[in-house]
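K.L.:
One structure coming up, written as C-alpha cells, with questions to follow.
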Amino acid sequence: MHLLTLHLLLLLLGSSTKAGEIIGGTECIPHSRPYMAYLEIVTSENYLSACSGFLIRRNFVLTAAHCAGRSITVLLGAHNKTSKEDTWQKLEVEKQFLHPKYDENLVVHDIMLLKLKEKAKLTLGVGTLPLSANFNFIPPGRMCRAVGWGRTNVNEPASDTLQEVKMRLQEPQACKHFTSFRHNSQLCVGNPKKMQNVYKGDSGGPLLCAGIAQGIASYVHRNAKPPAVFTRISHYRPWINKILREN
C-alpha cells in the first residue's frame, strides 16, 4: 500500500516531496482557529520540513510523531504563514515527546507532544483547543472538520493560508486497504466518493468534531483519495495527561 505521511519536505527534489495542502476545502476565516500552530522543522538530515499542530496548553502543542526533527520552531497566531502580523508568536520547542510505541514504518501511535521553551501569551489570535475525553469513542457517521496548511491539490504548491475541509468519520472497513490501520487507536475519515481530504503539509493538524479535537492527521494514500487515517486522541489521553502532569 502506498502510504503518504502528510508532513512537508521543503528542500528535497521530486514530485513526491513537494509541499501540500487541504484538498476540496475552503480558506478559514482569519484567526477563527486560534489554537493552530505552524511547525517549522529542521530534520535529522538537515532538511527543512513543515507540519501543522495545535496548542493544548500555553506551553504544549500536540502534533504527529512523524513530524519530529532535530529542532522545531512553532508559529502561533498565523493565518497566512508568509505574511507577518501582530498576532504572531514564534516559540522554540524545548523538548519533543514522541509516543514510546511510535513505529515510523507502520505509522502507528503517530502522536507527539511539544513542550515550548516559553509559555504562549493567550490573545484573540492565540488560544488553546480542548481535547477528546478519556476513551470517548466517537462513532462513525459524524461530520467533522480537518484544518491545516497542506496542499489544495496533489500537484499544486502549498497553501500560504490556513484551510479547512468537512470530512465524515467512516466505518473501519473503509480503511481496510491500509494494512496497519487499527480502529481502537486510529480514525478512518473521509468519504471515498468525494475528493475532500488532507494532504502533504497537513500532518499533525486536528480533526475537529463539535469544537473538540478528536484526531490528529497522520497519513493518506499517495493519490490523495479518501479516506485518510487520523490518530484517535481519546485512546491516548492517559499518555497525554501523564506527560502534561510530569512536565
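Quick reminder: no glycine exception, Cβ is built from N, Cα and C everywhere.
As annotated by Swiss-Prot, active site, charge relay system applies to His66, Asp110, Ser203, with the evidence given as similarity to another entry. Here Swiss-Prot flags Cys51-Cys67, Cys144-Cys209, Cys175-Cys188 as disulfide bond, drawing on sequence analysis. Residues or ranges marked as domain 'Peptidase S1' in Swiss-Prot: 22-245. Taken from Swiss-Prot, the feature N-linked glycosylation site covers Asn80. If you look up Swiss-Prot, you'll see 1-19 marked as signal peptide.
Can you walk me through where each of these features ends up in the structure?
P.N.:
His66 (active site, charge relay system) falls within a helix when secondary structure is assigned with DSSP.
Counting Cβ atoms from all protein chains shown, Ser203 (active site, charge relay system) has 32 others lying within 10 Å of its own Cβ.
For the recorded site, Cys144 (disulfide bond), the DSSP three-state label reads strand. Using a 10 Å Cβ-Cβ cutoff, Cys144 (disulfide bond) registers 23 neighbours.
A helical conformation is recorded for Cys175 (disulfide bond) in the three-state DSSP classification.
Under a cutoff of 8 A between CB atoms, and with a sequence separation of 6+ in the same chain, the neighbours of Asn80 (N-linked glycosylation site) are Pro30, Asp160, Thr161.
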K.L.:
Roughly how many Å separate the Cα of Cys209 (disulfide bond) from that of Cys51 (disulfide bond), to the nearest whole number?
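P.N.:
Here the two Cα atoms lie 21 Å apart.
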K.L.:
Select the closest residue to Ser203 (active site, charge relay system) from the following recorded positions, measuring between CA atoms: Cys51, Asp110, Cys188.
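P.N.:
Spatially nearest to Ser203 (active site, charge relay system) by Cα position is Cys51.
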K.L.:
For Asn80 (N-linked glycosylation site), just give me the three-state DSSP call.
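P.N.:
Once the DSSP labels are grouped into three classes, Asn80 (N-linked glycosylation site) ends up as strand.
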K.L.:
At a 10 Å cut-off from the C-beta of Cys51 (disulfide bond), count the other C-beta atoms across all protein chains.
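P.N.:
That number is 31.
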K.L.:
Of all the disulfide-bonded residues given, Cys188, Cys209, which has the fewest Cβ neighbours within 10 Å once its own Cβ is left out?
P.N.:
Cys209
